[in-house]
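Everything below concerns the one structure shown next.
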Amino acid sequence: MATLIRGKISNKLSNAATSVSNKSQAKVSGMFARMGFQAATDEEALGFAACDDLDYDHRQGLQMDILKTEEVGGEGGGEMVGDGTAEGDSHYQRDGTGPPPSSSKDAGICNELAQDKPKITAWEAGWNVTNAIQGMFVLGLPYAILHGGYLGLFLIIFAAVVCCYTGKILIACLYEENEDGELVRVRDSYVDIANACCAPRFPSLGGHVVNVAQIIELVMTCILYVVVSGNLMYNSFPHMPVSQKSWAIIATAALLPCAFLKNLKAVSKFSLLCTLAHFVINVLVIAYCLSRARDWAWDKVKFYIDVKKFPISIGIIVFSYTSQIFLPSLEGNMQKPSEFHCMMNWTHIAACILKGLFALVAYLTWADATKEVITDNLPSTIRAVVNLFLVSKALLSYPLPFFAAVEVLEKSLFQDGGRAFFPDCYGGDGRLKSWGLTLRCSLVVFTLLMAIYVPHFALLMGLTGSLTGAGLCFLLPSLFHLKLQWRNLLWHQVFFDVAIFVIGGICSISGFIHSMEGLIEAYKYNLQD
């Protein structure tokens, strides 16, 4: 009898605790559902999951439908297997469940394409990330130390940690759990993640926002290459009767053939050579700085900051770490996606160490005389040689962001099926139409005009980092992670995401305002770099 009574009491207590827990969870879920993060009930969550499944199946099954139509269209319709399920159903490809692979010709084509698609190792992926975050824009980091002191060094470390973390959570947004609790990749790009967050009310709004930010960042990168080319050439040959604007025009004339690019095969072979050349240049600059170690001005590195110019330094540092745009594609092409986190760790640790040492050593050498592009501080005997290498690298690097910007513009405005705003840039034979070529040439000329009228490398870099760099690296990944992964997040992950969003927003707004003020002041008073 006593045992029976204890059992009933225990059951009642358990039921009461479960009821309280469910009510508490329902209140919390309902609150965050009203904020737009997740469904308030399991039924709503299942509804959103079903919508996502149908949307994914529709998009991913298009290619299979086209292949099937080409293969069996003349035979009176598609074949069905066993229980009436169409072959090539993307749901089975996605989950790994369902009937065994078909031996039909269309399935064989898809399997062959999947097998022939080249995959990259973690080392190759790391090399690509290193190229993105260790480019020639590190030349502006000593200028950031000039206005930030030790806090600037801290920000180089902090930005590396945050960008590494946001890169990881951005990739986490590509995956969802299936019925068996296994992670399945259901999205392919930054745009897919953004669209998923805005669905179902505005299914394409997020993608448009990301595309606009991506275009701005890519075009601004092209402008910076032209600005730095003119700057380097002018400071390499100061006695020649050629102004910085004239050098920028000469550099742009050499870049006009980029308008005829159909793919990057012609320039991709130079990427490794450019990276190695830049590495050698960094070594030469550091070697020169070490040779003057006796004169290092340690007393010039302060803990105080220039309140007006330090936010610009934040944008410079953030912009030097931007790589989130292509991380989804990079992770999708890795042989072992499970090694992505490890790859991100060692690439950002290496970048943090090298950038911190480069910025500190260069600033200690020239102190308050540090210029926006650090190679301008070198003696004239070696400045010309180093700058010529840098100009070559800038000109060879220009086609990459230019071609990426053109692709985004063409896909979103000219090649979006029936929803395209303008007719296709290409004819039926695949040739570029004359007006399409004019558009590309206009983009090159636009980068030239911006470089001529705003020839300030650090200010433009700070503006771009504050506007699009902070958005793509800090704000959007943390917001998307909260929106898509809310039910799976621990409290400290929520805290990190919210903190990154708030800090990133403050830095972005302040950096943008001060960068614009600096540009207006420089333009108004005709200030030189």
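Easy rule for this one: first residue shown is 1, then count along the chain.
Note: Cβ is positioned from N, Cα and C throughout, glycine not excepted.
Database features, via TrEMBL:
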REGION    72-108  region 'Disordered'
DOMAIN    119-516  domain 'Amino acid transporter transmembrane'
TRANSMEM  150-171  transmembrane segment
TRANSMEM  212-234  transmembrane segment
TRANSMEM  246-264  transmembrane segment
TRANSMEM  270-290  transmembrane segment
TRANSMEM  310-327  transmembrane segment
TRANSMEM  347-366  transmembrane segment
TRANSMEM  437-454  transmembrane segment
TRANSMEM  460-482  transmembrane segment
TRANSMEM  494-513  transmembrane segment
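Contact check: the transmembrane segment (460-482) against the transmembrane segment (246-264) gives fewer than three Cβ pairs closer than 8 Å, residues 6 or more apart, which falls short of the contact criterion. Ranked by Cβ pairs under 8 Å to the transmembrane segment (310-327), the stretches 150-171, 270-290, 347-366, 437-454, 494-513 are led by 150-171.
By number of Cβ pairs under 8 Å, the transmembrane segment (494-513) is matched best by 150-171 from the list 150-171, 270-290, 437-454. For the transmembrane segment (347-366), the partner stretch with the highest count of Cβ pairs under 8 angstroms, out of 150-171, 246-264, 270-290, 437-454, is 150-171.
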